[in-house]
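For 27-77, the entry in Swiss-Prot reads domain 'F-box'. Taken from Swiss-Prot, the feature repeat 'LRR 1' applies to 30-58. Residues annotated as repeat 'LRR 2' in Swiss-Prot: 178-203. If you look up Swiss-Prot, you'll see 204-214 marked as repeat 'LRR 3'. Among the features that Swiss-Prot reports, repeat 'LRR 4' is placed at 223-250. Positions annotated as repeat 'LRR 5' by Swiss-Prot: 296-321. Per Swiss-Prot, repeat 'LRR 6' is recorded for 341-366.
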Amino acid sequence: MRFKQPSRRDRPVMFKRSKNVSVDVGVDSISDLPDAVLQHIFSYIPTELAIRTSVLSKRWRHVWSETPHLSFEWLKVSPKLINKTLASYTASKIKSFHLCTRYSYEADTHHVNSSIEFAMSHNVDDLSLAFRRCSPFYNFDDCFYTNSSLKRVELRYVDLMPRCMVSWTSLKNLSLTDCTMSDESFLEILSGCPILESLSLKFCMSLKYLNLSKSLRLTRLEIERISYIRAPMLSMQIVAPYIHYLRLRDSEAHCTFVDVSSLTEANVDVSTFHPRTCYHDFDPLDPHDLLVMVQTMLKTFQKVEKLTLGVNLLQMLSLSKIPSLPLPMLKVKTLTLETMIIRSVVPGIARLLQNLPGLKKITVYTTNPCNTEVEPCVNSYLDAQDLNPDQWWRLDDVVFPISSEYEVLKPEIMASFMELLLANTRTLETLVVELGSCVARSRFKELFQIALTLSHDKKVSIMLKRSNG
């Protein structure tokens, strides 16, 4: 198959103003725009700024009051002023309402309640409430849980404890970040969202059992969890028989999938390891436990056709005792690797590819070094136990750098990585490599020629991409 060099169409285009073009600064062409266009422009800026623009033109003075998109940041605007602003609002329908505040229980509860009630009474479609970290968290009135117009809700730093029946009959998208709720309370919320399609849970650490078996239309699930330094990590069981797409960033792989039988696309990595590996208040994490976790997780992905794995999970696959824990054969056709090109991911990638007999396409996104890699955390544990790290890692290929040496890669190292991918696949048709900045621009042509030869010899279409930086 042919290997094509990136076209000029992928390069940034620069425009220069002609010396012969004059600009008449005295013409107010914006004021001639229809109200709907001006309101659309206002929807991209905070409401406070939109109001201030009224001094620029009498024509604009009342345009903001009918814009369907309202956005308030209480870091700069007082609660009293926001409610005064809302009193001047004249439109009957709000499409989106965003409110961010450093919530104070004593001083702000009344104003927050008034603002939310205002949005709800105007049949808001998209509601976003971000309460900066505070104690206690904001707790909603009962009326919040009954609304037929809401289609999307995004909440941060709130307590969700409905004392009434939840009825969000139009809600399709629910996103919760740093929210506190019990398993029972969240189940009540889900029961009131009959057409929910997408659910995002970030750092909602109080949830232990996520039962989505009655959410028949829920097809997208995103979960992000983190283990706090001075608290042990709690596991979460997930029952989600109808989801098609999963994005998971889990701390130490503590999510257990009871049922994800409809899953066809997964994007998975392990986020952090520090509390149990770098602090001694808890029992240290045995590397063998990591192997069991990743094996158990992959077993639940046997119907997945599109799979994305991150650098930490790939390093977990590279631990030397993995042969004693056989990996399942997967039906993945499209594989994406988000990784650094380092020695500690190479064995894991090779082993993974050998268990993907129907693989057609690989996409590699090269990433920058991070502070939560498995290799240094596991080594820290092994050193504390007077164990030899070499007995745990299968790092035979010294061609690739270790993480502490990771900088700009030589073309021959990147070529060796591509050869590794091709050598461990039999049905591959396409290889895409997003280089980012890991290969110097001055040596891109050299790598291009190497890839051209590989493409011809292996009968695989290879595409190289790099950032404009």
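Quick reminder: no glycine exception, Cβ is built from N, Cα and C everywhere.
Helix first, then strand, then coil: DSSP counts for the repeat 'LRR 6' (341-366) stand at 11 helix, 6 strand, 9 coil. Sequence-remote contacts of a segment are chain residues at least 6 beyond its ends whose Cβ falls under 8 Å from one of its Cβ atoms, and for the repeat 'LRR 6' (341-366) they are 309, 311, 313-318, 322, 327-335, 373-375, 393-398, 400-403, 406, 409, 413-414, 417, 420-421, 424-436, 438. Confidence over the repeat 'LRR 6' (341-366), given as mean pLDDT on the 0 to 100 scale, stands at 93.
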